[in-house]
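Here is what Swiss-Prot records for this protein:
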type	residues	note
DOMAIN	1-158	domain 'Obg'
DOMAIN	159-334	domain 'OBG-type G'
BINDING	165-172, 190-194, 215-218, 285-288, 315-317	GTP binding site
BINDING	Ser172, Thr192	Mg(2+) binding site
Amino acid sequence: MFLDRITIELRAGKGGNGVVAWRKEKYLPKGGPYGGNGGVGGSIIIESATHVYSFESYRNIRFLKAEDGQAGATNNRSGRNGKDLVLVVPEGTLLRDVETQEILYDFTKDGERLVICRGGKGGKGNTFFKTSTNRAPTKATPGKPGEVRQVEFELKLIADIGLVGFPNAGKSTLFNTLARTEVRVGAYPFTTLQPVLGLVPCQEKLYQKPWIIADIPGIIEGAHQNRGLGLDFLKHIERTRLLLFVIDICGCERSSPEEDLRILIDELLHYKENLADKSRIIALNKIDDLLPDERQERLESFQRLFPSEKFVLLSGLTGEGVDLLNSLFTNRLAI
């Protein structure tokens, strides 16, 4: 199962203790204090990276701790600092404090770093407490504890293109054609049960970077009310630059293809109104099941009902119309 939400208790390292020690040399029988300070505890750092796509590496982990600082030593030597613990997460990760529900950080770029829990300071050795009036202090202090936080990690995928549609609309087949990969497909609903990422080569030679495309699991009516895990799926649409609605042009027993599009638009607007402003293309899929005249009739029907939308006739199975779709991607995204 695609892992897009986890909760982990994070503990920074404790500072090392300061020590009481005395200078002992042959010709200094009354040597002074010589105890060093403790090392600083390791911090916990969160870093975002484009090569990480989920929280899979943290599956079943409930607790993580950075290294403690070491105690001070004689000869005024400080203890070694604890090593920082760096957790690498995907772009699009949102951090939330479980206790306060405060949003701690939103990672939207590659290489962003956040110190989420700071290590404790090291304790002071007795040398630190030497004064003109107290030349032989016997005091040393313990290290401070590191910060502790219960943190929820939530992933909202960042992709250039998000495929949105009802189960069995042919999204996965189209995804395979666009990304030149082989996602499992089948003639039954909910073949895709978790978001899948792929790369679509850009046709614009001056723009070498491929588009990142996300196949979002099938949306059903009532998704904004969390029917069919709808909220878990809809959240991944928020971070995409372009939405590709995939509609089975032949429709289904339940409703007409025009009604399917209306429901999809309504579901997105009920979830987040600002999704109405996101750039989108409507792919009328499975045209290989229709005769040329029937295709044109269906297209004209959609254009009458949704005059402001951009439609593309295509077949994810045969690849017909996919080149035109790629050109539209370039026009919308290569800016």
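One-based numbering along the chain as shown.
Each residue, glycine too, has its Cβ placed from N, Cα and C.
Here the structure is a predicted model, which means the values were calculated and not measured.
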Given Lys286 (GTP binding site) and Ser172 (Mg(2+) binding site), what distance in Å do their CA atoms have, once rounded to a whole number? 12
If you measure between the CA atoms of Pro217 (GTP binding site) and Ser172 (Mg(2+) binding site) and round to the nearest Å, you get 9
Across all chains shown, how many C-beta atoms besides its own are within 10 angstroms of the C-beta of Ser315 (GTP binding site)? 23
Using a 10 Å radius around its CB, how many other CB atoms surround Lys171 (GTP binding site)? 30
At the Cα level, what's the spacing in Å between Ser315 (GTP binding site) and Ser172 (Mg(2+) binding site), rounded? 12
DSSP says Gly165 (GTP binding site), in three-state terms, is strand
Please name the residue among the binding-site residues Asn168, Ser172 whose C-beta has the most neighbouring C-beta atoms within 10 angstroms. Ser172
Cα distance, Ser172 (Mg(2+) binding site) to Gly165 (GTP binding site), nearest Å? 10
Whole-number mean pLDDT, the domain 'Obg' (1-158), equals 93
